[in-house]
Amino acid sequence: MVGVRVLAAMSGGVDSAVAAARAAEAGHDVTGVHLALARNPQTYRTGARGCCTLEDSRDARRAADVLSIPFYVWDMADRFQADVVDDFVAEYAAGRTPNPCLRCNEKIKFAAVLDRAVALGFDAVVTGHHARLGADGLLRRSVDLAKDQSYVLGVLTREQLSRSMFPLGDSTKTQVRAEATRRGLAVADKPDSHDICFVADGDTRGFLARRLGTTPGDVVDGDTGEVVGRHTGAYAYTVGQRRGLHLDRPAPDGRPRYVLSITPKTNTVTVGPAEALAVSQVQARRPVWIGGPRPADPVECEVQLRAHGDVVPATVAVTDDGLRAELHQPLRGVAAGQAIVAYRPDPAGDIVLGSATIAA
């Protein structure tokens, strides 16, 4: 796309500011927009390492002023609450481990925002994600693998990608910060966001407890079936977790115990040794295929099961209710609710074939 009208989603960070600058420099008619996603007073804090704060809104506006582009703030709080925050709580209550950033991309940035942008006459949405989107419509990993965000974009549809721009995919984060400095953007040295933006203090367990209440239950040894501890809410745990178990009876062999599973129906957390976490087969639902048509035959590819997780070779096959991945080497800590993203290795940058939500 050349010389089109685009909406730049500006979070208040360095990546989105430079992405907007590059879009304008490429000849596009750029308008900046900051999304007001929460009305929780705790999110209005200074020096935050999350996002979506009042400070972020001001940083985004200042960046737009430097770039001399129009700037607006869109109130998306109600939609964000329903599609991201409430979904986050419901998933934990169901014993799954959601990825709220992925859900925000799927339901807010590239759905609600994109839909409104198109309705207002914009041709595309520009974001600061570190990923590459070529003229062929294929989504690839960023050249900066340490910052690559193709995993959290793997849930998008081909239609959504066709109206998206990711100008930073060919740059490293160091290059982006240096460019921000050259352009006089005050956010050049602003720290990256790491927290869940709507959990202001970083205490996910406390946030869930306030929403779901206290529901005491048993912590059970997966080998013996014996009760080895108590918990105040199974929702506070995730598969692979080691810290915070507070077991009354340590393992006879003295080795650490990890969360193997969460069973909401019985409010039980099952624990066991690290090797019991190893998984060689993954079932997933709600597949989205963006690297080509839905495969009729099993595909040899690579898969990633967490935002910053290991990448392993696998054979992926379509099933009646989703897909099945046979991992060529076992992975530990595979949690239902996370995404499995399939890649086709390519010298020009690994290509995202598709994604699905891990069921078991």
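We count from 1, first residue shown onward.
Note that Cβ sites are derived from N, Cα and C of the backbone, with glycine treated the same way.
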According to Swiss-Prot, A9, M10, S11, G12, G13, V14, D15, S16, G128 bind ATP, and the residue from L35, L138, L139, L145 that belongs to that same site is L35
Among residues A9, M10, S11, G12, G13, V14, D15, S16, L35, G128 annotated as binding ATP, what is the maximum Cα-Cα distance? Answer in Å. 16
Could you measure between C104 (disulfide bond) and L35 (ATP binding site) for me? Cα positions, answer in whole angstrom. 11
What residues, ordered by sequence, lie under 8 A Cβ-to-Cβ from A9 (ATP binding site) and sit at least six positions away in the same chain? S16, V33, H34, L35, K109, V113, V125, V126, T127, G128
Would you count the other C-beta atoms found within 10 angstroms of the C-beta of G13 (ATP binding site) for me? 21
Please report the three-state DSSP label of A9 (ATP binding site). strand
Given the recorded positions H129, C197, Q338, find the one whose Cα is closest in space to the Cα of G13 (ATP binding site). H129
